[in-house]
Amino acid sequence: MSDTALHPRSLLWLARQEGRLSWRDLVWLMTAGYRWRGRSVAIWLLIVAVVMHVIAWGMVRRYADVSLGAGVESFMAISGSIGLAFFLMLSQALEQVTRLFYGRGDLDLLKSSPTSLRRVLGLRVLSVATSTCAMTLFVAGPFINVLTFEGGPRWLCGYGVAIAAGLAASGIALVLTSALFDLMGARRTRLAAQIVAAVIGSAFIIAIQVVAIVSIGTMSQSAFFHSESVMAHAPDLDSPLWLPARAILGDPVPLLIVLVIGAAMFAVPVLLLAGRLGDYAMAAASADLALGRSSGAGFTGLFLGRFRARSGAQLLRRKEWVLLLRDPWLASQSLMQLLYLIPPAIFLWRSYGESQGALIVLAPVLTMAAGQLGGGLAWLAVSGEDAPDLIASAPITERRMILAKVQSVLLAILLVFAPFLIAMAGRSLEIAGIVAVGIALAATSSTLIQVWFRSQAKRRYFRRRQTSSRIATFAEAFSSVAWAGSAAIAAGGSWVAIGPTVIALLVLAGAWLIRPK
Amino acid sequence: MIVREMDSSLGGSDTGSALAVRGLRKVFQRPAVDGLDLTIRRGEFYALLGPNGAGKTTTLRMVAGLMKPDAGSVSIFGIDALARPNAAKQITAWVSDEPMIYDKLTPLEYLAFVAGLWGIDPKLAETNARDLLRWLELAPNADERCEGFSKGMRQKVALAGALVHDPRLIILDEPLTGLDARAARLVKDVLLEKVRQGCTVIMTTHILEVAERMAERIGVISRGKLIAEGTLDELRSQAGSQVGDTSLEDVFLTLVGGEEPLP
């Protein structure tokens, strides 16, 4: 359609503009702004799609024959998977809706124009729903494709359920954000919504794990959904709670109902709240302008001694901790991984006094978490330096500066994981020692990788840090996984642990060799 | 094009100068700084002018130790800044046009942090910091976090950070960009006072009136080379202007070859 065919300020004209902006944002997200990366990103996407199909093949192929007559147990397992995916979608949608009001960008321009802000923001909510659905389809697609290939076209209904879930998640996200605006005011809503989004994203899986540990003494979600206690409380076969599961299995009527419900859950909030979206955007802009005037040093200033350190290194460490503690968004984002430590903590507590098997299960969980947390904190400290010129112009060597920042990261990791290690040491000093070494190696490896691949960036781009160097992202993930495997096998008392240890070292060596010079 | 002739009294010896740059070179896709020679006297206010992309910022970043040159030497108060960067940085301060401070710190905390990096005694640092904040009219905001500050306030915090360790050489890259008249006047007064106290200041600016009124000498840089240098009168003469009241703008445009002088 040509430009002239679209009347300026018409819904289609605005939709086209929004579509173009969303597409460019997506391209930027994947290419980090480098045009030359376009081709390699396409190749990466292709590889990821192939790998995901292979993984899906291994995971769900055997379920391709599950049919509508399979019974409550299958419905329970399918519904559990849908629940997990739905909470992740809701988390993503909530974050996007928040960005819609606070990502200043062009809002000032739009507000100063005679275009209806209500119409523009309504379209943007639709774009949130589209991207939420697209992301879900990208992740769920390979599984649906494998099931369709093996079990027939009835599994294609899974796409319909994914779309309905995306629409419903976007509608709920809009309602939640509006409620936060009304309850907490514009100034606090951004942070609250981001924290709620992060908690929702991990809440379902953590809740299932916690309930599984408490009720049947295992961290396995699969075992939980098939356990007798859960099955005893499962609704009857004709319960409406099974509608999404029935829809996925190819029953057309439940699919239609699910689609209608999903569309309604999106459309009703948009229609009801559209009139207030502009007010929220205005309030968000005013909140930004009022930010910071009343905030002082607070307890972090007192706690960290108001920068009266004896050495430059000590100062840098304190600075990193203060900046992190005073930025609730960054703290929540980087420490969110700690939420995943809740189930292991409960598992540790529940299994205290039992066999050492429980400790062995915890070894990889803690090691992996340390690696991921270390990578995030190291990125903030090294790449996310807010005043690089100041640090570079100070009479402190780069080596000492980097060392101080690495120390700040590792000390923070030590603080977080010490309680776990102390609790484990009470049961088995040997396993606690092995896990401590695993945590130290995983955190140090991730930190080193971030140091080698450092590139200056704004701290607010923390969530997008993976796009700046995919090599660093993959190296960090692979080394954490390898150290986790190594810790688990070593905790089990096997020398096979040397295998993943060698892999982790090779990953590190490879990252060091190809680091930007 | 006027070819600058080096002042023999400055070019011969670097020991008495605050800053001596010799044969400085930095190449990106093309030479950004191309064999630059520059000497600044102790206690002098020096303005470095040039069109966009002339190499001013690259030069100053290399002098401040933020970037390594491909060739050449930098001497700050007789200290070889490339061989002994920390010793040179100890007596130097850098302020950029885009003040990068920590949003989550208060000005007092920021200044304490900066002073700590330069190894200043905390008690002395606090005294200096409070004096500077009062001087820069930031005392009422001393305990507020910087995240809500305007561009002018942030620039003043950054300037206070540059001064808190009492540097002998202050390097400023477009320090007045985006400041309102009152903030700009305040910053100018502070810099002139520091010069009166014996500090040396080198500053880039696009505001020619500022260079004309504040700087004792002005250097004009184009395509990575210093093409003219001296007092305003000396520049007029180098530009071939016979008129005594020709503005710096006319002189500048003549020197960089942009336009003929306006009548």
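Note that Cβ sites are derived from N, Cα and C of the backbone, with glycine treated the same way.
Database features, via TrEMBL:
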type: TRANSMEM; residues: A:41-60; note: transmembrane segment
type: TRANSMEM; residues: A:66-90; note: transmembrane segment
type: TRANSMEM; residues: A:121-147; note: transmembrane segment
type: TRANSMEM; residues: A:159-183; note: transmembrane segment
type: TRANSMEM; residues: A:195-216; note: transmembrane segment
type: TRANSMEM; residues: A:253-274; note: transmembrane segment
type: TRANSMEM; residues: A:402-425; note: transmembrane segment
type: TRANSMEM; residues: A:431-453; note: transmembrane segment
type: TRANSMEM; residues: A:474-491; note: transmembrane segment
type: TRANSMEM; residues: A:497-514; note: transmembrane segment
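Counting C-beta pairs under 8 angstroms (sequence separation of 6 or more), the transmembrane segment (A:253-274) fails to reach the transmembrane segment (A:431-453), with fewer than 3 such pairs. If you look at the transmembrane segment (A:431-453), the same-chain residues 6 or more away from its ends with a CB under 8 A from one of its CBs are 356, 359-360, 362-363, 366-368, 370-375, 377-379, 382-383, 402, 406, 409-410, 413, 417, 420-422, 424-425, 468-469, 471-472, 475-476, 479-480, 483-484, 486-487, 490-491, 504, 507-508, 511-512, 515-516. The transmembrane segment (A:66-90) is not in contact with the transmembrane segment (A:41-60), judged by fewer than 3 CB-CB distances under 8 Å for residue pairs 6 or more apart in sequence. Just going by CB pairs under 8 A, the stretch in A:41-60, A:195-216, A:402-425, A:497-514 that sits most against the transmembrane segment (A:121-147) is A:41-60. The list of residues near the transmembrane segment (A:41-60) in space but at least 6 beyond its ends in sequence, with Cβ under 8 angstroms from a Cβ of it, reads 30-31, 139, 141-143, 145-147, 470.
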